[in-house]
Amino acid sequence: MAPPQGSRAPLEFGGPLGAAALMLLLPVTMFHLLLVARSGPARLLGPPPYLPGLEELWSPWALLLCLTWLGLQAALYLLPARKVAEGQELKDKSRLRYPINGFQALVLTALLVGLGVSAGLPLSALPEMLLPLAFAATLTAFIFSLLLYLKALLAPASALAPGGNSGNLIYDFFLGRELNPRICSFDFKYFCELRPGLIGWVLINLALLIQEAELRGSPSLAMWLVNGFQLLYVGDALWYEEAVLTTMDIIHDGFGFMLAFGDLAWVPFTYSLQAQFLLYHPQPLGWPLASFICLINDLETISTATGRRLLVSGWWGMVRHPNYLGDLIMALAWSLPCGVFHLLPYFYFLYFTALLVHREDRDERQCRQKYGLAWHEYCRRVPYRIVPYVY
């Protein structure tokens, strides 16, 4: 819920200076990863093999493809849904309604892609377009964020996010001023949260798998594992799409550059890093190790009310965020098929560790404010946050 008019949440991410730095650092990091993944040394911490010029980054066809993809997913969003769910109660006591048809969009996209490939669509050419596509997605995210900021200037105070109405243009542009920007029933934040980025991620993975098959005769076992693990993750997220309505992104954060860039550019082009790495750096993987990795990715879990997967055996009594620990174990399983001699494919694991530690800290501050002394007692009884006896 947005704070009362006149009150503002404390600044996060280092305030305006940190927000400005992140708006530069995140796109630079994404392009660095795209460049080093295809280079010979594939060094995460080394310089990129070269700096691409504008002629390599800019492509009107890439921009057209990016916009067509967004248009397709928007059209699928507007199709009749199997269910319409209500979100959390807003400051004015109302509840917004959301179509639950993300998995339907995934299936229909798969059917359309399958028809396209059978008709001669050169999906294997997609990996060669990752740089201009990432540039087009970044440009789209910047322009989209600007339009969202301008729209939020006309929004009532009750529609503003708790943290995105600081009064500082850079900070508010980054974090997002309006909590639930909509045109009629089309919710921009909810649409972007799981649709174009996550489905685009598995499409890029598939294109990388097809290109590897063309280059080497068949996809490697490691490539199959990465594709399978990540498709399972995306499919699960879209099947339990209603769970996103209880997440911090939806109920607390405004919709600005942070989420727009993350959803439209960072997710598809960074989360597909393991598949990119395997295309240019094939790794031998035997069935015994593959079986062990599958076991790590598929530990016994239970569902929570928010749709997350939690490790069982009383872990809620050992750490306050066992779902975060499960996410980290799963991220490790995605990286292990890439071997242990390169740090680059473990970037997602390292990044996700930092992301979850930061998000856990945000959770802690909100829970202390919401639950007061009860939260302090809970923390006393469950002292570890994510990893038992470590953190």
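Using N, Cα and C of the backbone, Cβ positions are placed for all residues, glycine too.
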Per TrEMBL record, range annotated transmembrane segment [choices 100-123, 196-219, 268-291]: 100-123
Stretch of maximal Cβ-Cβ contact with the transmembrane segment (57-79) [cut-off: under 8 Å; candidates 17-37, 100-123, 328-349]: 100-123
